[in-house]
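First the structure, in the form of structure tokens, and then the observations on it.
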Amino acid sequence: MAQGHVKHDYHLVEPSPWPLVGSLGAFVMLLGAVFWMNKAYQGFGVLAGIPWIFAIGVAMVLYTMAGWWRDVVIESVVRREHTPVVKLGMRYGMVLFIASEVMFFVAWFWAYFNFSLFPHDAALNAWPPQGIVTLDPWHFPLINTVILLTSGTTVTWAHHAIQNGDRSGAIQGLVLTVLLGLSFTGIQAYEYAHAPFTFGFNGAALQPFTDPAHANLAAGQGNLSAIYGSTFFMATGFHGAHVIIGTIFLAVCLWRAILGHFTPTRHFGFEAAAWYWHFVDVVWLFLFTSIYVFGQGLTTAG
């Protein structure tokens with residue numbers, strides 16, 4: 001139907017390949033991540049425990065993000081199809097999306113607190129489990145906390161600049177926010193690489209169980225100390241993935257700000273990115289206090 005014949009305020013979405021391509025890319029990426037974690041996995045006659053499957057999935061997800069965002073920008077800026085009713089629906093959609101993300105993190109926090117508050121239910125005699133050397137929360141985690149809180153102020157600066165028609169201020173605020181997001185990711189990657197425990201059963205820093213009650217575990221039933229590593233890396237890693245996605249989201253907004261797409265009255269794309277970024281900030285505060293500080297234990301790694 002031609003745009004001139006539309007007699008309603010709703011945007012009828014055209015057929016798009018991106019939901020299917022994005023779903024397939026996410027599946028390949030997660031499958032590749034599992035294979036990569038288990039490096040010796042052989043599948044379909046090839047060594048699947050190398051990162052190329054994961055890399056293909058990441059490339060597909062990035063391609064989907066680029067293509068889907070491009071189409072949405074064209075709908076908004078070129079075709080002017082984002083009417084007030086459409087933008088209201090997008091706001092509701094973003095709120096519901098963030099609410100669904102909250103429930104994801106509730107699952108990770110639930111798992112963590114289930115083991116930390118009731119360690120005996122998981123055949124653990126203490127939390128952190130025996131043999132675990134925890135990370136010092138007042139080193140890299142504290143630095144990352146300051147970085148994310150600072151990024152929250154810079155993205156708010158950019159928001160106010162857009163609302164006041166200050167394009168230069170918006171660009172500066174977004175540049176700083178993207179750089180802070182990249183810094184957070186880099187520091188967390190370094191922290192992961194030097195963590196004294198691993199995701200799986202065979203952490204180099206783990207000590208064998210010495211108490212008689214758990215002698216059978218040391219004898220061959222696996223090291224339950226891996227519970228700490230799995231809950232730690234799933235919670236903080238899932239958040240780290242959100243930081244990466246949020247940084248890409250804000251980088252796209254930076255590019256659009258440079259092109260002059262945002263006006264004081266039309267900038268929901270940026271608002272959605274800012275909401276997402278503030279959500280990431282709040283989640284990190286909960287992670288920092290509950291996993292790093294509360295879960296520190298008596299022995300820390302410098």
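All positions are counted from 1 along the displayed chain.
Each Cβ is built from the backbone N, Cα and C atoms, and glycine gets one as well.
Lifted from TrEMBL, the feature list:
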DOMAIN    6-296  domain 'Heme-copper oxidase subunit III family profile'
TRANSMEM  20-37  transmembrane segment
TRANSMEM  49-69  transmembrane segment
TRANSMEM  90-111  transmembrane segment
TRANSMEM  138-158  transmembrane segment
TRANSMEM  170-190  transmembrane segment
TRANSMEM  232-255  transmembrane segment
TRANSMEM  275-295  transmembrane segment
Chain residues outside the transmembrane segment (138-158) and at least six past its termini with a C-beta under 8 angstroms from it: 169-174, 176-177, 180-181, 183-184, 187-188, 190-191, 243, 250, 257, 270, 273-274, 277-278, 280-281, 284-285, 288, 292, 302
Please report, as numbers and ranges, the same-chain residues at least 6 past the borders of the transmembrane segment (275-295) whose CB is under 8 Å from any CB of it. 94-95, 98, 101-102, 105, 109, 112-113, 116, 127-128, 134-135, 137, 141-142, 144-145, 148-149, 151-152, 155, 177, 228, 231-232, 235-236, 239, 242-243, 245-246, 249-250
